[in-house]
Amino acid sequence: MDIQHKIHADYPLQSANTLGFPCVAAQFIAIESEAELVAAVTYAQQHQLPIRVLSGGSNVLMAPLIDGLVIRIDIMCQQVTESADSISLALGAGENWHETVRWCVEQGYSGIESMGLIPGRVGAAPVQNIGAYGTELKNVLTKVRALDVAKGCFIEFSNNDCEFAYRDSVFKRLPGRFIITEVTLRLSRVQDSSIRYAALQNYFDQHNITQPDMQQIFDAVCAVRQSKLPDPAVLGNAGSFFKNPVISESQYQQLKQQWPELVAYPDAPGFMKLAAGWLIDQCHWKGKRRAHVGVYEKQALVLVHFGGGELQELLQLANDIQASVYAAFNVNLEMEPQLFPMT
C-alpha cells in the first residue's frame, strides 16, 4: 500500500495538543486502518525515521520540533457482543473516550460511567491505565490489539499481559514498541452504585439523590470535573499534571501528626495514596501565574497555559512545584503527562 500521498511535511501540531504549545512535526500522517498503519511504519523504517505515535494529544508535553514520522491513529470501530449479563465492546483506538462513555451510559452498559470527561482517545487509555473516582481501566479491560513494531506483526494482550499499575502499563514502560489499534472492554448490565469519593457524595446530597443510577453517576462526574477543571478549548491544560503519590502507612502516620488535615485514600495493603492537589495547595501554588503559564485557580493539580508560551516555561514551573512539595512533605511528585517525543 502506497501511503506517501497522505504524509504531510512540516505539519503544525499546536491544535493537536490540549496545552496548546506551538509544535511542528517534520512529517505527519493520520491513519484510518491497520493496513495503513503497517504501510506507515514500513515507510518510516525504510527511510530510517523515528516513529512517534500520537493519540488525542491530551496527556502529552510536545517539543517545539518533532523529528521523524508522527502517526496519528484515527481507527474508528465500535463492535458489541452481548451475553446474558455482560457486554463485550471492541473499540477502535481513534474513538473519543468521553463520547464512548456517554454512549455506554445511554445503552445501559455499566463499568466506566465514573470515567466521563477524561480527555483523549481510546487507544491512549491503556497506556496510562486511566481512571477516576475509584475506577480504573484495568477493572474492565479484557484485551488490547497492537502492532509490535519490532516484530512487524499484530498481537493481542490479555489484561494480565498489559501489566497494569497506577497510571502505568507495559505500553508506557516500552514506549514505541507497540502501537494500539483496538481495545476490548467487558461491561455489565448490573450497575455498581457504590460511591467512593466525597465530591460525588456531596453532589448527590445536594441534589437529594439517595440511590444514584448510572446516568446520575455520569452526570455527577461530569459536573464535578467541569467545576474543577478548565476546558482545554478555552484554557490550555493537560488535566491532572501530577500523579497522586503513594507512600507507606508509616510515613503517612508521621505526616498525619504534622498535618492533621492530610487528604489520603487507602491503596494496596500497607500503603496510602495522597491527594497531590492538596499537597500543592498547602505550598500556596493555587492561582499562581508566571508569565504565560500557571496553576489553575480552582484546582492546584492542574497546570495551565494562557497562550503565547513555550513548553520550557511549564516544565520549570512543574519542577519548582515538585521541589516545594518535597521540601514540605518529603514526598516526590511525578508528572502524569508524557514528554512527546519521549526522551
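Quick reminder: no glycine exception, Cβ is built from N, Cα and C everywhere.
Taken from TrEMBL as is:
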- 21-190: domain 'FAD-binding PCMH-type' (DOMAIN)
- Arg167: active site (ACT_SITE)
- Ser240: active site, proton donor (ACT_SITE)
- Glu336: active site (ACT_SITE)
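On a Cα basis, Arg167 (active site) lies 12 Å away from Ser240 (active site, proton donor).
When Cβ atoms from all protein chains are considered, those within 10 Å of Arg167 (active site) total 18, not counting its own. Across the fold, the C-alpha of Arg167 (active site) and the C-alpha of Glu336 (active site) stand 8 Å from each other.
The active-site residues listed here are Ser240, Glu336; among them, Ser240 has the most other Cβ atoms within 10 Å of its own Cβ.
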